[in-house]
Amino acid sequence: MSALVLVINTGSSSLKYSLVDADSGEKRADGLVERIGEGTGVITHHAADGEHRVERPVADHEQALRAALDAFAEHGPSLHDADIRAVGHRVVHGGARFSSPARVDDELIEAVTELVPLAPLHNPANLEGLRVARKLFPDLPQVAIFDTAFHQTLPEHAYTYAVPRSWRDDHQIRRYGFHGTSYAFVSRAAADLLGRPLEEVNLIVLHLGNGCSATAIEGGRSVETSMGLTPLEGLVMGTRSGDLDPAVPAHLHRQLGWSLEEIDDALNKTSGLKGLTGHNDFRTLEKLRADGDEDARLGFEVYCHRIRKYVGAYYAVLGHVDAVVFTAGVGQNAPQVRARSLSGLERLGVVLDAERNDVRPDRPTVVSAEGSEVAVLVVPTNEEWEIARQTLAVVDAGGGPDDTGR
Ligand code: AMP
């Protein structure tokens, strides 16, 4: 029987899709529909014979998914012949309700809708994805994979903010954490590389992409993570500030008269590396830094310093650390970030090997020195494969929505 899963990830104006073999991780095709609802949409489809780019009107997410299906029909592989088993959806916020993937049904859609106030930028787009995929694939099982689910193991003392009870009880204000599918995939692959059962290893995993977060993982369970109620807290990111004195928004409001929406927007979209250097893409920052640009130098230092602080903090949370693991675009491709963030930590047992670290690996790789008490690993993440695997696991378990861990 085939293990093919169509993985869908919807943003407010984009829809990413890939056809993944959940057993092998092989991607049969993938693509991106951009500029949904902005006049002319752009569809980029990758199939066996290369890239195909088409422009056509894409008014909404339904038209976007139809455009993706047309790309499959035109450039292959044929979805008709592919024997797809299920559709797997990335959903950003599952609140405290979802600690595992769940079959999509009316009740789940209602629950995800109730969580919109916690993720006003993401969940509405994810809901559109669920709605249109159910309409266009009425006979296929659909599974929602939540970014927050992996962190539902956080202990109470780690997820609780020191705020009044009514905020916590009536408004669900607490730390949730994100990048869960990446952490699930990377922690398993890291344990494999160490040659030890996941249940026996303690890891500090640094997911450094456009969004960045750190997680302390004890025996496969998330026990502390840097993103909070929303993905704004924690490390310095491409366009998000990460940690900040909570008094800053009130200060800006008093000084500049900015609305909360304007401040929220600026902290999410024009802060982080973009705010520090004018650029959110790490490659651009590195070019500028090589040319002696002062903002790029400072941006790099602030970025790495924040990572170092979290490594130290999570070391203390875990007590014993087997490996520090780098993943995602920057984590995998920027040896200088790994070197700078971990320099001088020999007393903690963390010793990088400069030559081994000089890599941009496409498979799990050890970059620490021989005999380093704490291993340093680079593990490419593969969120689509993880979504496909979790989707099929739910489908194969055969349960209805009520026995999928809700
Ligand atoms: P992701 O969200 O995982 O796709 O990661 C995106 C980030 O990775 C962007 O900031 C890119 O600039 C960065 N990135 C991708 N390739 C490289 C590279 N070769 N060197 C440095 N950063 C990279």
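Note that Cβ sites are derived from N, Cα and C of the backbone, with glycine treated the same way.
Cβ-based neighbour count (10 Å, all protein chains) for Asp147 (active site, proton donor/acceptor) stands at 26. Sequence annotations record features per position, and here TrEMBL assigns active site, proton donor/acceptor to Asp147.
Within 10 Å of the C-beta of Glu383 (Mg(2+) binding site) there are 24 other C-beta atoms, taking all protein chains into account. Taken from TrEMBL, the feature Mg(2+) binding site applies to Asn9, Glu383.
Sequence-distant contacts of Asn210 (ATP binding site), defined as residues of its own chain at least six apart whose C-beta falls under 8 angstroms from its C-beta, comprise Met237, Gly238, Thr239, Asn280, Gly329. Residues or ranges marked as ATP binding site in TrEMBL: Lys16, His207, Leu208, Gly209, Asn210, Gly211, Asp281, Phe282, Arg283.
What TrEMBL records for Arg90 is substrate binding site. Note: Arg90 (substrate binding site) has non-local neighbours Val7, Ile8, Asn9, Asn126, Ile145, Asp147, Thr181, Glu383, Ile387, i.e. same-chain residues 6+ apart with C-beta under 8 A of its own C-beta.
Within the same chain, residues at least 6 positions away in sequence whose Cβ sits under 8 Å from that of His179 (site 'Transition state stabilizer') are Asp147, His207, Gly211, Ser213, Thr215, Met227. Look at TrEMBL and you will find His179 (among others) tagged as site 'Transition state stabilizer'.
What TrEMBL records for Arg240 (among others) is site 'Transition state stabilizer'. Of all Cβ atoms in the shown protein chains, 27 besides its own fall within 10 Å of the Cβ of Arg240 (site 'Transition state stabilizer').
Listed recorded positions: Asn9, Asp147, His179, Arg240, Asp281, Glu383. Those with a CB atom under 6 Å from ligand 1: Asp281.
Cα separation, Lys16 (ATP binding site) to Arg240 (site 'Transition state stabilizer'), rounded: 22 Å.
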